[in-house]
Amino acid sequence: MTEIKLTVQAPTLVNRDFVKPTLCGPGPCDVWPSVNEALTKPVISPICDEHFYVLDDIRAGLKYVFQTNCDTVLALSGSGHGGMETVINNLVGPGETLLVAKRGFWCERALEMAKRYGINTITTTVPMNETFSLQQLENELRKHRPTALFIVHGDSSTGIVQNLKSVGELCQRYGTLLLVDTVVSLVGVPFFMDDWKIDAVYTSTQKAFSGPAGISPVAFSDRALNKINNRTHQPPFYFDVKLLSQQWNCYGSTRVYHHTLSSPLLWALRQCLQEVIKETLPRSWARHAATTKHFLKRVEQLSLKTFVPKPEDRLMTVTTVVLPKGYDYLQFSKYMREKYNILIFPGIGQTVGKTLRIGLMGVNSTIQVADAVADAVAGTLIALKKSSL
């Protein structure tokens, strides 16, 4: 055999010891045991019958969790950011106007993406721990008549849930499409795509679905589909819903190849949906609400405050907690991990140094986990106070 001289030698990859923490930050969340098992199912070809049967099952489940009868429902290869990029670049073209309801970190990401596509962006803002009123949104819609309004339903950077009832009706009145981020809210809090007249929505599996990151469900209304079919701009090939909807057989007549979807992620998403269907959406919503209500009571007993003052504005999957003066949020999170092996996170973006972000969602939305986190918070408050004296 002819000698081959390599310019880069094989590295030594050393396995590291790792004790998995309980994932109680704003995401990712721990996964269902059944989802772990699903990840080990066989890899399948993207052009075989079994592959398309799995896609059909996923689409049926997604219609349930989004509460929509629309046909343009599918899942993207990619994280929640892929979903964000897809709904924006398929529905708003260069030179058109996107109104962003700006409050937290994810709204900033939407703005950045839109600007890169040459979209005209405008914003309307509220304080980080408040929600948008219908009057404020209507004033902006009337003034700017944007192509679309982007708004976050559940905001993991602030712990806010936005009331979306009647927002879709407002948008229709002014000829505007409504684009919604539900990454950290879907299946954790009530959501009704059709009843709320939402035109495009995306989510991801690593939050209340209790699945792995890397696959992101999206759905588009008939109004949105009409815009997609009549748009004058071309979105990126990988995110083109016209092509993706053919791969996913959204309209009952196509089963074509667009790109190779990850078989393990498809199996995992299918199993996540089976878990939601088995429990039912109303019971899932009730479980998340009861767990967070219990945790908030424990927080109040520790004389801590929540970042979001109004109870009706608090997200039932991620709670933002304000520490007493003198505590360092990053140090607090690190101590929780080192002492209790519970992973929570400090604020992000504008909430850095202002909040802890504690997630109780999916498989971790239980009274037992809530008590474990509350006990760890109590212990950390004492330990760090003592260590600073």
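Cβ coordinates are placed from backbone N, Cα and C, and glycine is handled just like the others.
Those TrEMBL annotations? Automatic predictions, nothing curated.
According to TrEMBL, the domain 'Aminotransferase class V' annotation covers 55-360. Residues or ranges marked as N6-(pyridoxal phosphate)lysine in TrEMBL: K207. Here TrEMBL flags R357 as substrate binding site.
Local packing around the Cβ, expressed as the count of other Cβ atoms within 10 angstroms, is greatest for K207 among the recorded positions K207, R357. Cα to Cα, the residue listed as 'substrate binding site' and K207 (N6-(pyridoxal phosphate)lysine) are separated by 13 Å.
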